[in-house]
Each structure stands twice: as structure tokens, then as C-alpha cells.
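Positions annotated as transmembrane segment by TrEMBL: A:34-58, A:65-84, A:90-108, A:120-142, A:162-186, A:217-238, A:250-276, A:283-304.
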Amino acid sequence: MNRTISRAGLAAVVAAAVIAGAWARSGSGTVTAQAVLTGLLLGGVYALVAMGLTLIFGVLDIVNFAHGAFMTLGMYATALLASSAGLNPYLTLLVSVPLLFGVGYVVQRHMVSRTMGGSLAAQLLLTLGIAMLLENSLLLAFSGDTRTVPVSFDTPLRVLGAVADLSRVLAFVGAMSLAGAVWLLLTRTRLGTAIRAVAANPEGASLVGLDVRRLHALTFAAGTACAGAAGTLVTPLVTVEPTAGELFNIIGFVVVVLGGLGSVPGAVAGGLIIGLTEQLGGLYLPGQSPLLVVFGVFVLVLLWRPQGLFGRPA
Amino acid sequence: MRLKSCIAIGTFLALTVTACGGSAPGGGAPDAADASGTIKIGSIHPLTGALAFDGQQMSKAVKLAAEEINNAGGIKSLGGAKLEILGADSQGKPEVGQSEAQRLTQAGAVALVGPYQSAVAAQVATVAERNKVPFVIDVASADDILKQGYTYTFRLQPSSDTLGRYGARYLKELADRTGQKVTKVAYLHEQTDYGTSTFKSFSDEAAKLGLEVGPQITYDALKASDLTTELTKVKAAGVDALAVTGYYRDGLLTAKAIASVQPEVKIVLGVSHGAFSSPVFPRDGGAVAEGIYDSNFNYDATKPESKAVLDAFQAKHGEELRFIPFTSYECVRLIAAALEKAASRDPVKIREALAGISFETVLAFDGPVEFDESGQNKNATPVVLQVQDGKVVPVHPAAKAVAEPRPAAE
């Protein structure tokens, strides 16, 4: 407990120092406040993307390169329902989440399960192949034309001179609620306990009578359902096109490893850290890609904690 | 690290798989000088991947042009010979563009059109030089492509240097025309060569015109999903105008961030921007697109011929032809004119005809298409377009405008 408190204290001190430095570097309080706010909100979205990945990565030990494509599928579900049926984009969560859950279940049961325990290359090729298949099917069905889904009640909110669109705040709130829900599922339900057991020791779990294959499929499905939710929540913020999810793929992996494989709190903390790093890093090193600073922080954290922030040592 | 090796392996595999898919066995001897049959023109555009929509329209536009020329009697100096378009997908990748260019020249293409991306253009140009087949660049603005001393590569659109310089000139003229005082300009651009070189040319010209350019703010177009902080920097700098260079997706983010941050600038001008003069920008951006200017090359909207092309495309494909694919359409007409003039199917003779051509174009340029030593169309210039009431309309210079520039509502 004491260690947790001292660690939180350390994090707070580091954050304060970084923000003060950014303020001094940019010479404007408003710009710094904006970077912090944008960083937090973006970090929420990154956390949301990483949540599904970390579940799949942590439990099935599969590097899912199709995660971004699943997210794109969620975006298209939202965009189509919002434009054709005139639904509020946030209501389409009721469609995109079950849809992606089903897709994930089928994909795991009939494709990914065949590579479980197989070579890494087979898994990589499979998930990459699924990503290409999804992307190009969307291209075929809906052409490469862009779509946007405006939120009619969207309005800029002002905090300390910084602004944030309501749609971005909603995506952040949605991400945090979803993180809470997934965390509760994993820690407070029988299903969650079973999933954690499978993650810890698949052989042991099957010895005590757990249906490991079914649990793998359910976990994969839960992971893709998170991608679907992420897709819906970011749809009002992005341009929907067949390659839209790609943007979040690499960042998602970085967040997962930074936070610790399979850890939901790790995905949230990792997401927020990456979001803030990206925005504040832009103030420290203007003219450089934000990824430079992001990967710098990534390497430093892994030197200090190779298992990630919330991961258990191997 | 397992993950890192995974990502490395994955990326490697992705590249190899697609590269293999792109190369085809080069069967059959080159038969370019065949005296009978159709005249083949190779078209290389990104039909899949992130630029697929524009790429597919470019490919359709090329085919429409060939069809119209064939219906009007083909190439008369060659006994009414018909044009045939050999299409290829560059997938937006330089190495695929190169192997496809090789395949098309082997299949007998006497000229190549494409490719939309500068990196692809550089590779296709090497194939064109080696095989002595003329290559007409429709869209790909990087200055370097034509600095290699190539003799078979030509470019219809303005170079990135011209686009940057005209951006500064037009900004000044717009301020004067709308009676606004503009002395300080912030420049926001994506950080690759496209944004950086346009910014450099813009600043050079702006300095001559007495405009103060700064701050220069850059972002990563591939990774950006929010540009609010960047626009807050513009607001904090207290400038009169904002110039922007970027691609489509990030262009929408820019417009949204302008609307929420309200940087209080009098003019927002895109400099050869990938979004601001796209006909779908007002549709996708809605109210936030309104009033934004872009200095870019375009078809001449005052000419009835332009409307005829737009109508024909709309009738055939049920979608609006954008200005980028319009340039591809014009390239085929240019090649047909060169064939007509050369009265030969020999690629070397076609190149000679292109080098000395003076071609009346429906693009809004400062004169007919004429190439300089490097292969650049020396009369290619941009015009200023503005989003007005949900439509992109040319507003400057007055001779090529269909509406007056509208100052931003205060």
C-alpha cells in the first residue's frame, strides 16, 4: 500500500515537472493547458484501443494485427447506421459492440484457433491476412470515398483557456466507463476469474475443468467488441475510410506493452501516458514527429520495468 | 523483445507479400512499334490503399478520355488508330509502381500516365528513361523528380515550388482584394517533404512581398488525430492569416480545430492543400469548411469544355469528377495530341513531339501546355478556390473566377 502511494506521488511529481518544463518551453500557459487537455482526451482513446488488444494479447498470446481493421468495421457500422437510419452515433454502440463480438467469436473459433500454439509466423500471417481482407472488402463494398459522422449537439467546451469538443470528451468518458466495465468483468465475475485462470495457466485451467477453447473464443470476442466500441466512439472525430483503423494499430501495441500485457489498468495508464507524451513532446521538440518522444519514453519505461507498468515479472 | 520482433517480422511480411503480388512475369517481346492495332497507353495509379478513391477516379478519367478520343475518330494522322488504356495498380508503393511500369512497357505501352505520389513518380521515371518511353506525370509535385536530367519524363501540374510561391502571392492579393490588412502569417504544415518544401517556397516569396511568416507549426499527418494544440499555438501567436499545407484527413482535423479554437485570423489559405479544394470537403466538413481558401491547380471553371467533361464523367460513373483526376484526363488528351503531331507510334518520336508541343488545355493555367528543359509544364499555375455555401468555387485571379472572394464573417 505504501509503495503504491509513493509511486503515485512520484508519478505526480514527474508529471508536474514535465508540465512546468513544457510551459517554460512554449512560453504560453494556454498552449500548455491545451496540450495537457488534448493529451488526456487522446490518451483515453488510445486506452480504449489498447484495452481489447491487451485482453487478446494477455490471454491468447496472439499479436492481433487485425485490431485496427476490426475498429474500422465498428466505424463503418456506426457511419452507415447514422447516415441511413439517422441514428445518434452513440446509440449505434448497441449494434457495433454485439456485431464485433460475433465477428470476433467466429474469427477465433474458425481461424485463429487453428494457429493456437503454432508458429508465430502463422499467427502473424493470419491476423495480417484478416486485416487486409477486411480493409479490401470495405474498399470493394463502400469504395475509398470518405465519410464523416457529425454530432449535431457537438460544441467546444472551455477549460482554463483550453478547448475540447464535446465529442472528444464523450469518447474519453466512454473509454473510461468501458475500462471500468472490463475491469469489473475480469475481477468480479466467474467468467472473468476463468479468463484470468486461462491466461495464467491454460493447462492447469483445463485440468480443473474449464473449457479453454470456449474461453479463448469469448476473450477474443470481448477484445474485438472493445475494438467495435472504440470504432464507434471515435467515429465523430475521424474520417471514416477503409484504412481508418490503421492509425491506431501501432500506438495500441505500444500502449499494451507499456502498461503490461493483459493488464486493463495498465492499458488505461499507458494510454494516458502516451497521449500526454505525444502532446507535451510536441512542445518540447517542435518539428519532430510526436512518435519520436513517444518511443523515447517507451524505451525508458521498459528499461526500468521490462514487464510494463502493471505487468507481473516473468 | 518478442513484440518488437513480431512487428518487424509482420511489417517485413506485409511488404514482401504485396511486392510479390505486384510483379508479373514479363512475357512477350516489346512490340511498341507495331504498325496495326490499338495504341497502348499505360495508366499507373493507386487503386487500393489509403488513396484508393482518388486513384480509381484517375483511372476512370484516363479511360473516359481515351473513349472520347476513339469516338471522335481516334488518331487521325495514324489512320484513325484507336487508343487502348492498360491499367495498373501502384498500391501507393514505389516498388510496385516501378514493377508495374516495367510490365506495361513490356506489354507495348508507348506512353505512361500517373501516378499521384511523388515517391512512386521517381521510380516510374527511372523505368521510363531506361525503356525510352515517355512518362507524363499528372499529379506528383515534388521538385526533385525532374531534377535528375531525365528526358522522357514530363509533368502537367505546377511544381511544388510554383505552388508555394503562388500561395504567398495570392495571399497578399486576396488580402488587398477583400480590403484586409495582413502582415503576419502563421504556417501550419504536415512534416514530410511535401509540407516542408511548399513552406520554404512560400516563405521565400512572402519575404519578397513584405509578409512576416511565423510561427511555423508542423504535425505528423499519418499519426495526427487531433490538431487542437497546434491551432492553439496559432491563436497564441496573434497572427493575421494562417496558411496550411496538408492531406485530406488531417485537413478536416485542421478545419475542425479552427472552428473550436477560433484563432481569430482574417484569412485561412491552403497552399496546394489536399482537402480544402476537394469537392467533398464541404460535405465532410459541413459548417467548419465554409470560407476556407485554397491555392491549387484546377480546371478552368469558366470554360464550357470543363463542364462537358464533368457532365460526361457524372453520366458515366454517377460521381463528381475531382480536379486531381481531371488532370489525368487532360494527360491522355495531351498524349493524343503528341501522337497526332508525331504521326508515329514510336515512343522516341512521341517524346520529341511532347518536348516541342504547345497544347491548349482546359486546366486553369497561365497559357498552353509547354514543357521546359526539365520536362516541367512552364505555364502551369494555381488558382484560388473558396468554400462558399457548401461548394468549392474559384474566386481568384478574376479572369478564371466564377465568384468574388468572401471575407470571413466577424
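Counting begins at 1 with the first residue displayed.
Backbone N, Cα and C define each Cβ position, glycine as well.
Taking every listed stretch (A:65-84, A:162-186, A:217-238, A:250-276, A:283-304) in turn, the largest tally of C-beta pairs under 8 A with the transmembrane segment (A:90-108) is reached by A:217-238. Same-chain neighbours of the transmembrane segment (A:65-84): 49, 52-53, 56, 92, 95-96, 99-100, 103-104, 107, 124, 127-128, 130-131, 134-135, 138, 142, 147, 149, 223-224, 227-232, 234-235, 238, 240, 242-249, 252, counting only residues six or more beyond its ends whose CB sits under 8 Å from a CB of the stretch. Within the chain carrying the transmembrane segment (A:217-238), a Cβ under 8 angstroms from the stretch's Cβ atoms is held by residues 45, 48-49, 51-53, 55-56, 59-60, 62, 64, 67, 70-75, 77-79, 82, 89-90, 92-93, 96-105, 107-109, 112-113, 149-151, 154, 165, 167-168, 170-171, 174-175, 178, 182, 185, 191, 195, 198, 244-245, 247-248, all 6 or more beyond its ends.
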